[in-house]
Amino acid sequence: MIKAVDISVTLGKRLILDHVAFEAQAGQVTAIVGPNGSGKTTLLRAVTGDVAHKGVVSLEGANIAKMPAWELASRRAVLPQASTLAFPFTVIEVVRMGQQNGSSGGFEPIAMAALARVGLQDYANRFLQDLSGGEQQRVQLARVLAQVWFPVVDGMPRWLFLDEPVSALDIGHQLQVMQIMRDFAQAGGGVITVMHDLNLTAMYADRVMMMSGGRLIANDAPAQVLTDDILSRAYNCDLQTNVLPAAGVPFILPHMAQV
Amino acid sequence: MMRSSLSAATQLRLALSAACVGIAALCAGPVSAQSSDATRILSIGGSVTEIVYALNQQHRLIARDTTSVFPEAAIKLPDVGYIRALSAEGVLSVAPELILSEEGAGPPETVAALQAASIPFVTIPEAYTAQGVVAKVLAVGEALGQQQAAQALGDQINQQFAQAADKLNGVTERKKVLFVLSTQGGRVLASGTHTAADGIITMAGGINAITAFEGYKPLTDEAILAAAPDVILMMDRTGDHAIDDEAIRAMPAFMPTAAAQTGAIIRMDGAYLLGFGPRTAQAALDLHAALYGG
Amino acid sequence: MTALSEAPRVMDRMQLARMAHLWLAVLLVLVSVASLAIGASGTSLWAALMKVAQGQTLTQTEEVVLWDIRAPRLVLGILVGASLAVSGAVMQGLFRNPLADPGLVGVSAGAGLGAISAIVLGGLLPASVAAITGPYLVPVAAFLGGWCSTMLLYRVATRGGRTSVATMLLAGIALGALSGAASGLLVYAADDRQLRDLTFWGLGSLAGASWAKVMIAGPLILLAVGVATTLGRGLNGLAMGEATAHHIGIPVQRMKNIAILTVAAATGAAVAVSGGIGFIGIVVPHLLRLWTGPDHRTLLINSALLGAILLLVADMISRVVIAPAELPIGIVTAVLGAPVFLWILLRKRGMVDM
């Protein structure tokens, strides 16, 4: 279980996160949603320790601020919104970097398996920089997966923290990646992901945390959070769920896709 | 934490270096003077090489350094590099039995290695005066076992210096001489005191126009005007880098000076003028003649 | 992006890099033997070994040339070459930029200022002090100068236990300008002989090699280079940014501390004993990245080996080409290094941009 108590973040004089508290369970996909600037990413970065904050985040009861890097790395993996790479590493070398330092140790086949999981097994020996943006994002996901390949080790769940993991992907790969999260949670691991796409969130998340103006305004099952009222309030515009648009305008829902 | 580790490292280094200097000092030992009959001599420093030639001992020379370019025959000898950056093995490769050097040969490790190889290393003292030149000649003569010839050469040089000094008596008004080392990019690099240029100017009966600093330094244009030289003294340069007299006279800093107005620009060969070897007395006389005529 | 279609299929570069350890080690041994055998004096290593094998005693010249001149020069060449190349690779990893060099953390500027101060102001020391410092004044001052300026930059760039690499870079530029000005002031005060000393110091040379120098600089360089070669995994992680490095389990701040301290020590010591030798730190890691990939776990060790090899080769050239005089080694490394570097840039422009 991830437990965050009283998380506040100020950047300059601006209060970005205002006393946010939540719990997230292993075995579930927890999605953080909300409009631009609502503090979604900052909340995730506070939880992963990337931004200075007040309050305490604990992982299975242990304060993560006090855990050494290697121990944290063996229990949770983090996928940032954008990744950079300084030198011409190949795809497989990048994936291995996650694996070497994580809980799955140096077991060689895992890196290839993780790459296959995101559908890029044929790209192993290409240079990462030669790949498209979406492909690079999937390689980074494979690296993160390789780091915590087994969702549960010795009865302890592993965690994935993902910041908009599907933002650069086409709809087919979005579904593929959402399914990866789902499977990870189903196998007993924990997933906390920042999401922009509300349809995908509704389809795959077990819990939805709605952020607005630096505050957590709702934290419940998707059906309870993704309502006309809460959405309209959070996104500051009138929104209606489950209503068909006017005839003649095509609309495409990921719900109907067959992968 | 940082500070304590720094000072610990410092102390360690100082202790180590002190120990090593101790070892080096033990290795060095006194230089043997019993090498005056050596036939394979390496001469380092232009003036020392000139003296060897002047003493007619050139048949004993086997190599020279980069600054030894007179007489012309010397250039044909193997060159072991610049006096301050000698290579130990390079020096050993010419198998010298005796090394004669001006002051300041280095680096110290090379000198230490040569001493370890038991090669006599004689340093000839340097001074930019008439006595200094004669002392050099005598020191080289002693190192070569040619005391008598050296004495004769020394006497001859003394005589020339005396002659130069005599001529000085006839000079009523001494001329202010500005020695210009270079005018690279319009910046004038000139000689202050404690240089060979200062020494030769004084010997020739001139007054160094710049006495505010030691060594060779760039001058501001206004300092040149303030120095008001009667004569500009430069080294002869062959090749394209030479700046001609017209260009010098046209430089704003020089234009108003008496030197530029009268075209009093004297050029002399660098090694001859500044070498402080056996030709220096003659050079002083030549410069005197150029300054005051006849 | 024509490179996309013709991107080379990269085999398992880890294996290639491990083979490279072996190749380079063998090459280093060969070059070392050559370095002992080649020299202006014509003293033969083989003849001397033969004599030793037969129990004969060596002539004094043989002993001096082989033991006091070539041997310490060989050892110092290996140490200096290795530390320059490894320091370059570590800096490039730390700054995530293939053109970074130890100069960025102020070592070179500080060492230069230290050396210039010692050369110009050394004469002002009282005779008793000069007797103690002797010929080691310049190297010691260079080392201290490099070390102090790095520590200063490090202090400036560290806030609340976190070192900002970007701040360090900017402060390094400021400090570089400042020590450049101070050096200029000293150059102005220098006499012409000191000026020539300064010039020669800046061009670098192994000509001053002695066992004493090896004894002083050797342990420090060995320790620093040894520690630096353990940074491979951390530098790999850092290639993905500090945050990601932390997430995959790298103790980022501790790694930065170690990287900066080892580079300051290794480069400081190398520059102190050999003067300024350029290009090794940039060309060596770059060549290796093209050959065996950027994985720092093997890159650092290979850099040490190749750096030592290249410096020994450059040194052999420097002492043979105008024998019996000697060309400053900095000239040789630049003459060899610069065209190779340009050639790499032209041929592999796509890879360099990455």
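Every residue, even glycine, has its Cβ placed from backbone N, Cα and C.
TrEMBL has this to say about the protein:
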type: TRANSMEM; residues: C:71-91; note: transmembrane segment
type: TRANSMEM; residues: C:103-124; note: transmembrane segment
type: TRANSMEM; residues: C:136-157; note: transmembrane segment
type: TRANSMEM; residues: C:169-190; note: transmembrane segment
type: TRANSMEM; residues: C:210-231; note: transmembrane segment
type: TRANSMEM; residues: C:258-287; note: transmembrane segment
type: TRANSMEM; residues: C:299-317; note: transmembrane segment
type: TRANSMEM; residues: C:329-346; note: transmembrane segment
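The transmembrane segment (C:210-231) makes no contact with the transmembrane segment (C:169-190): fewer than 3 of their CB pairs lie within 8 A, with pairs spaced 6 or more apart in sequence. Here the transmembrane segment (C:169-190) has long-range neighbours at 95, 103-106, 109-110, 112-113, 116-117, 119-121, 149, 152-153, 156-157, 198, meaning same-chain residues at least 6 beyond its ends whose C-beta is under 8 angstroms from one of its own. Only sequence-distant pairs (6 or more apart) were considered; of these, fewer than three Cβ pairs between the transmembrane segment (C:71-91) and the transmembrane segment (C:329-346) are under 8 A, so the stretches are not in contact. Spatially, the transmembrane segment (C:329-346) is not adjacent to the transmembrane segment (C:103-124); fewer than three Cβ-Cβ distances between them are under 8 Å for residues at least 6 apart in sequence.
If you look at the transmembrane segment (C:299-317), the same-chain residues 6 or more away from its ends with a CB under 8 A from one of its CBs are 17, 20-21, 24-25, 27-28, 31-32, 34-35, 38, 73-74, 77-86, 88-90, 206, 225, 228-229, 231-232, 235, 277, 280-281, 283-285, 287-289, 292-293, 327, 329, 332-333, 336. Same-chain residues lying 6+ beyond the ends of the transmembrane segment (C:258-287) with a Cβ under 8 Å from its Cβ atoms: 76, 79-81, 83-94, 98-99, 101-102, 105, 107-108, 110-112, 115, 138-140, 142-143, 146-147, 150-151, 154, 163, 200-206, 208-209, 213, 216-217, 220-221, 223-225, 227-228, 231, 234-235, 299, 303, 306-307, 310-311, 328-330, 333-334, 336-338, 340-341, 344.
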